[in-house]
Amino acid sequence: MPANKKHLTASPWQRLLKVTAAFVGGYMVSMSFHLLLMAFMDRTTVFITMRFSVYILWAALMVIAFLAKNGWKIWGIYLGLSLIFFLPYLLKMMGK
Amino acid sequence: MNLRNYNIYFHTHTISGIIISLILYVIFFAGSFAFFKTEIASWQKNTPNSVVEKSGTDMNRIRDTMAAGMDLYGRDLYITLNERTSRMTVSASASKDTTIKDKGGFFYMDATSFKKQDYRKSYDLGEFLYRLHFLAPLNVIGGRGFLFGYYLAGLVAFLFLFAIITGTLVHWKKIVSNFYVFRPWEKLKTLWTDIHTALGVITLPFLFVFAVTGTYYLVSFPLVTQPTAKVQYGGSTDSLFQQTIPGRTNYAFEDKKLNHVPDLNAYFKDAQQKLKGAELRNLIVYNYGDQGMRIRISAVNQQRSFTEPGTVIYNGKTGKVEKLTPIDQKGSYIKAVDSLVYSLHFGNYGGNIVRILYFLLGIAGCIVIISGVMIWLVARNKKNIPEKKRRFNEWLANIYLSASIGMYPVTAAAFIAVKLNPGADRGFVYSFYFWVWLVITILLVLRRNNYKTTRDCLLIGGLLGVAIPIVNGLVTGNWIWVSMRHGYTDILLIDLLWTVIGITSLVTWLLVVRQQQEKLLHKLSPSGV
C-alpha cells in the first residue's frame, strides 16, 4: 500500500517549493541557528557540537517542511528565521 | 496518529529511500568489509602482524629511512603505529624552509623490515573496499578540486538520515507490538515488511550514528567548516582547525638548525614511562631539526579512558617536557566529541568483537535496504497501477537488485583474484572489480528474475567464499590451522570470516531453493489451489 495520494501535495509547484524549503531552507536555518549560538557562547564548543547537531536539526527541519500545508509559507518562515538568526553577523557587516 | 502526517512520512520515506537505495547499499556493503581493512591488507600481502607489541619500535630507524629519500629539515613528520598490523604509516609535510623544494610524502613502512613502500604500489583490496565505501573512485567525475564521489556519498548519507527519521515516525506506533512479528512463510509482502521493520528497529541506533557521522565526514568541510570560518574565524579554516581540533597546534619555525641530531627513541621511551598503562599510537615531530622543534607522542587506553588519549609534548631544543596530559585526567568536551565521532564510526574501541558486531549490523543494514526496495516493488505490483508504470518499476528494481546483490560474489571473487595475482595493484583491483561487477550486473538485469538473481548470487558467493581460505592455503601455505598455530590472528580472521559467510549463504541458498521447490510441487499437485 503506497501512501494515500489524497494526503499528498498534488501541485508540482507546491511540491518543488517544499522540496527546496526542506533541503535548502532547512540547511540555512540549521546553519544560521548554530552561528547565532556561536555569537553568544563559546564558539569552539559550539563548533564541535555542530559535528552532529547541524545535520540532525537540518533533517528534522526537512520533515517539518514536508508537513507544511503551504510551500510559500514554509519558505517564508525558513527565510525569516535564517535572517533573524544571522542578524548579529549582518549588523556587524553593516557596522563596518 | 494524524492520517495526513502519517501519509507524508510514509511517502517521503519511500521516495528518499528509493533514491538512495543502490548507492547506500554499496556504501554499507563495502563499508562493512572496510572494518577489516588492515586485516584484509595483511591477508592479501601475507604479512601477519608479527610484532604485536609496538612499544619497542625503533623510531630513529624510521626517521633514517625517511631521510634517505629527502632532507627532513623543517618538515612535520607523522609516524602512526597500528596494533593490528605490522604496517606503519609514515608521512612528511613540505619543509617550512623554502629552500628545500622537494615535496613531502605518504608511505607505508613495515615494522620488522623497515622497508618503505609507496601508497600506490602497496594498494590492496582492503584499501579499495574502504575507499569504495565513500565513493572515492567517483571523484574523477568532478575533475580536479571537486570531490564528486565524496559529496555524492555525503548527500546519500544525509538523505539516509532523513529516511531513518521518517521511517521511525511511520513505524512509531507499532514499534513494540510488531517487533516480535515475523511471518517468513506468509505472502512475500509481509515477509519483506517484517524484515524491513524488525531489522530496521534493531539496527536503528547503529544506522543513525552512521548516517550522522558519515554526513559529517563527507560534507562538513564545504557545508559547515568553510561558512563558519568565513563569519567567525576571518575566513581561515586553518585557524578554525587550530582552535577546534585537539592537538592541532602550530609551532613557529625558527629557521635556525639544531646542532644535534634528535634521538627519537629516547623521547619514545620516556613517553612510555609517562603514559604508563596506555598504548603508544603516534609520534609527531613538528619542525624537524629546527630550534622550534616539538615532539608530540600520544597513547590510548580505551578501557580506562574511552575518548581521551594521553599525550606528552617535548621541546626539541631543550629536551624537556612542555605539556603532559595523563591518560586518566578528566577530559574535555571538545576532545570527547572529537574522538567519539571517530570511534563510533570506525568501531575501533572494543577489539575484534565490536568490529564483528559492526560488520553484522552493516550487513543487516544491507538487508534493510534490499527489503525496502522489495516492499516498494511489491506494493506497486497491482492491477490498478498502469501497465507502463509497473513495467518501469520492475526494471528499476531489477537493476537495483542485480547491481547490489551482484556485489557479493564479485567481492568474494576479488579476494581470490588478488590472492592469485601477487602483483595486484590499484589498476588490477579497479579493473577486476568494476568490470566483473558490470558484466554480472548486465547479465542479471537481462535475465530479469529477482528470485534467480538472489539464488545464484547466494550460491556463487557462498562457493567462492568457502574457497577463499582454501586458495589462501594453497598459495601461501597459511592454512587455517597453520595460522592458528602461529597466532596469525589477522590472517585467520579473514579466513574464518569468509568461511562463516560462505557457509551461511550456502545454507540460505539451500533453504531458498527448497522453499521454491515446495511451492512448485504445491502448484502442480491437483489438490493445490
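Just so you know, glycine gets a Cβ as well, placed from its N, Cα and C.
What TrEMBL lists as transmembrane segment is B:15-36 (among others).
The transmembrane segment annotation in TrEMBL covers B:148-170 (among others). Long-range contacts of the transmembrane segment (B:148-170) within the same chain, counting only residues at least 6 positions beyond its ends with a Cβ under 8 Å from a Cβ of the stretch, are 5-6, 9-10, 12-13, 16-17, 19-20, 23-24, 27, 134-142, 200, 204, 207-208, 210-212, 214-215, 217-219, 222.
Long-range contacts of the transmembrane segment (B:191-219) within the same chain, counting only residues at least 6 positions beyond its ends with a Cβ under 8 Å from a Cβ of the stretch, are 27, 134, 150-151, 153-155, 157-158, 160-161, 164, 167-168, 171, 174-175, 178-179, 181-185, 341, 344-345, 358, 361, 364-365, 367-368, 371-372, 374-375, 378. Here TrEMBL flags B:191-219 (among others) as transmembrane segment.
Sequence-distant contacts of the transmembrane segment (B:356-378), counting only residues of its own chain at least 6 positions beyond either end whose CB sits under 8 Å from a CB of the stretch, comprise 14, 17-18, 21, 24-25, 28-29, 31-33, 35-36, 188-189, 192-193, 195-196, 199-200, 202-203, 206-207, 210, 347, 393-394, 397, 400-401, 404-405, 450, 497. Here TrEMBL flags B:356-378 (among others) as transmembrane segment.
Residues or ranges marked as transmembrane segment in TrEMBL: B:399-418 (among others).
Counting same-chain residues at least six beyond the ends of the transmembrane segment (B:430-446), those with a Cβ under 8 angstroms from any Cβ of the stretch are 128, 132, 137, 398-399, 401-403, 405-407, 409-411, 413-414, 417-418, 424, 453, 457. The transmembrane segment annotation in TrEMBL covers B:430-446 (among others).
Here the transmembrane segment (B:458-481) has Cβ contacts under 8 Å with residues 43, 46, 48, 408-409, 411-413, 415-416, 419-420, 488, 491-492, 494-496, 498-499, 501-506, 508-509, 512 of the same chain, all six or more residues outside its ends. Positions annotated as transmembrane segment by TrEMBL: B:458-481 (among others).
Look at TrEMBL and you will find B:493-513 (among others) tagged as transmembrane segment.
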